[in-house]
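Have a look at the structure below, then the notes.
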Amino acid sequence: MAKERSCDRFIPTRTAMNFEAAQHKIEGSENESEGEAAQKRDAALKAGLLKDGCVDGEEGSRVLAYKQKAPAPKAGYVNHLHVLYTANHGGPGLEGASRRKAKSTRHIPSAPSRVLDAPDLLDDYYLNLTSWGANNCVAVALGPTVYVWNAASGSITELLTLEEAEDYVCSVAWLPGETGAGHLAVGTAAGSTELWDVASTRALRRMDGHAARVGSLAWNGHTLSSGSRDATVVHHDVRIRDHAVGSCVGHAQEICGLAWSPDGTTLASGGNDNDVMLWDAATTGARSQAPSKVFSEHCAAVKALAWCPHDRHVLATGGGTADRCIKLWNASRGGDALNSIDTGSQVCALAWNPHEKELLSGHGYAENQLSLWKYPTMARVKDLKGHTGRVLSLCTSPDGSTVLSAGADETLRFWDCFAAPGGKKDKKQRSATLSQGKMMHLR
């Protein structure tokens with residue numbers, strides 16, 4: 001029986017072959033003397049036939065080439081990319097460079113670090129019922145009552161209960177900054193705006209100016225701006241007796257979102273008329289101030305408003321069920337639209353990550369999730385699920401590491417999605433106050 005022979009095929013690489021040199025090599029006689037071969041070789045070298053690897057420049061033995069070698073680097077060439085493909089070897093210089101080039105990956109927990117039960121939390125898209133102050137206390141409005149939860153100690157205090165039978169709290173907002181810590185603004189369904197000293201559990205003043213419920217509040221220094229169902233914004237200077245120092249008129253329906261820019265120069269308002277309006281701080285003293293810019297691209301009510309901490313002129317807005325979009329605007333150049341993304345569900349709240357260029361959004365039906373987006377590409381980073389009802393509001397802790405989400409399922413959930421990378425000490429401090437999986441009742 002005949003032996004089976006191997007059927008391997010070897011296919012030469014034509015681009016790596018020099019056919020003239022190969023022909024010269026083949027035509028050479030095996031019987032020629034060494035002197036004649038050397039003369040022909042010298043002539044071939046002068047003619048430039050022995051090169052490009054098909055006939056080796058020194059041995060002259062290559063006729064067919066099966067692979068093409070990379071060209072040799074120039075003398076003194078240093079490959080700086082070599083550091084990227086070197087894992088802790090190659091000398092101390094390369095090791096140090098490798099450490100500098102490596103990027104740390106931030107872990108984003110999928111589950112909340114703490115859950116608080118919030119019975120009677122109103123499922124109303126147009127209200128703003130939570131606020132996290134610089135004193136590390138969370139104010140939550142449950143019907144006619146406002147509770148204050150201390151994140152450091154875990155204690156719960158009942159701050160106030162409205163006396164009128166049909167009255168209820170529509171909005172809360174802490175006075176920002178360390179100097180104003182401990183003072184809380186409260187908007188009511190009766191149209192009044194109240195200022196409370198939390199430490200002494202005492203009402204400092206009651207300010208009128210609206211004919212309908214006050215669903216949104218925003219501080220700018222000692223000036224408190226209140227938005228109402230009467231479609232107006234009133235500016236209150238809480239330091240003086242005649243507190244109403246100006247008003248903004250432009251919306252046609254209820255104002256459900258207010259946000260001052262970080263530099264305090266521009267107020268953004270969103271309303272049930274699907275419009276976003278910008279107001280200049282320089283004209284807040286006017287009795288009937290007109291908007292400086294109007295954005296009418298949303299197709300539903302706009303409650304979610306958030307100014308970018310990384311680009312001070314960038315404003316993020318989110319639309320309701322019929323719109324479902326997050327839009328980014330440049331407020332300084334005629335209101336240019338920078339980006340728009342269809343999220344697939346109602347956008348109820350927005351919050352920026354102060355440590356990374358990321359934007360967090362709270363959504364309604366059908367997933368009731370929180371979505372983290374990369375700015376400015378608006379690529380989805382991660383979805384955080386846990387609420388069984390729509391996410392009504394978002395607020396961020398004073399250190400910018402934790403986000404509180406208030407849901408229509410009457411729960412408050414704390415997410416460590418903004419935690420700064422590599423902060424072991426901060427993580428230990430957070431775990432002392434936000435115990436994993438611990439359930440607690442506000443009442």
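Including glycine, each Cβ sits where the backbone N, Cα and C put it.
Predicted automatically and left uncurated, TrEMBL annotations should be read as such.
Here is what TrEMBL says about this protein:
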- 116-415: domain 'CDC20/Fizzy WD40' (DOMAIN)
- 422-443: region 'Disordered' (REGION)
- 248-289: repeat 'WD' (REPEAT)
- 384-416: repeat 'WD' (REPEAT)
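Long-range contacts of the repeat 'WD' (248-289) within the same chain, counting only residues at least 6 positions beyond its ends with a Cβ under 8 Å from a Cβ of the stretch, are 125-128, 212, 215-221, 223, 225-229, 231-235, 295-296, 298-307, 309, 312, 315, 317, 319, 323, 329, 331, 335.
For the repeat 'WD' (248-289), the model's average pLDDT works out to 92. Counting residues of the repeat 'WD' (248-289) by DSSP class, helix then strand then coil, yields 3 helix, 20 strand, 19 coil.
The helix, strand and coil residue counts that DSSP assigns across the repeat 'WD' (384-416) are 0 helix, 17 strand, 16 coil.
If you look at the repeat 'WD' (384-416), the same-chain residues 6 or more away from its ends with a CB under 8 A from one of its CBs are 108-121, 123-125, 127-136, 138, 140, 151, 346, 348-351, 353-355, 360, 362-365, 367-372, 423, 426, 430, 434, 442.
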